[in-house]
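Here is what TrEMBL says about this protein:
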type     : residues : note
DNA_BIND : 85-128   : DNA-binding region
COMPBIAS : 361-378  : compositional bias 'Low complexity'
DOMAIN   : 130-331  : domain 'TLC'
REGION   : 336-384  : region 'Disordered'
Amino acid sequence: MAGILAWFWNERFWLPHNVTWADLKNTEEATFPQAEDLYLAFPVAFCIFMVRLIFERFIAKPCAIALNIQASGPQIAQPNAILEKVFTAITKHPDEKRLEGLSKQLDWDVRSIQRWFRQRRNQEKPSTLTRFCESMWRFSFYLYVFIYGVRFLKQTPWLWNTRHCWYNYPYQPLTADLHYYYILELSFYWSLMVSQFTDIKRKDFGIMFLHHLASIFLLSFSYVNNMARVGTLVLCLHDSADALLEAAKMANYAKFQKMCDLLFVMFAMVFITTRLGIFPLWVLNTTLFESWEIVGPYPSWWVFNLLLLLVQGLNCFWSYLIVKIAWKAVSKGKVSKDDRSDIESSSEDEDSEPPGKKPHTSTTTNGTSGTNGYLLTGPCSMDD
């Protein structure tokens, strides 16, 4: 084990040339980041999760009820032992051949069986109240941490001149505010890693898991080798659009159409400006070029920048989804059922016509004009 730890914490990998871990030990004159500080993130993540449960129950839920958001879920599918067995044991999405077989067996028309399976799938999906409470929690946290980050960074020299991120590196003292900011963000991402498996499942689950994993690696990585200054710039920049996204989703759940549209437009503008403009031109410029000039490259420097480039790749992917959603909203004015996320219930899914009755030929889209309805697909299922 000692040999493994010595190999993992190899100074030639983590630190610039001629710098050792002994040089970064805490002294009476200065405090530096220590790897064991990262253990604090686990109890803090647990506390954040508990605060979330209290917040959603005693603050978010009363707010949702005050906005007339109902706790009731979608319509319950009528009991049917044969269809229930197929749903639980075979498939939740029967193909055409199976539908025809079930139609003959039950003497139902195919459309009624399809409707039953839609209603049964929707029974396992969270109610609008649950979605609202989750979004309100994230909105509150993102807003708080972004405001804290802005207030902290306004007092730092590296906000105004990014070259200060590398002057005298890595002998840059760790302040109490910077330590708190880093541990809070790291703890929140650890809590998201765990709660992602119990929260509302979305289409970009895999992408979000990769994003949370990359964020935790970046935060831990940059803290251990004292790249925390530039790390705070990355954190604050990426937090800037998140609160707007969650606010737009809350407006969508509360059926405030105009506010939803406005917030979504604001979110899209801030997201694309910060992720595709400021981040590469400001942050990546200092991590790739200014650091090379002032400090010079070393092994962990390459890993750090590769992780940042991975984050930028995710930013491009989500920006593409945002533009795609906006283009659909402008060109069509509404979204078809197939474009919606699986977590959204359509009016067709909740159709209450009795089995066997010939369905009407007219269809509805659940009022998805403007951007409302798009907010449950693509980037609005993000938690970045």
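Cβ atoms here come from the backbone N, Cα and C positions, even for glycine.
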Query = When DSSP states are grouped into helix, strand and coil, how many residues of the DNA-binding region (85-128) land in each?
reply = 31 helix, 0 strand, 13 coil
Query = Which whole number is the mean pLDDT over the DNA-binding region (85-128)?
reply = 86
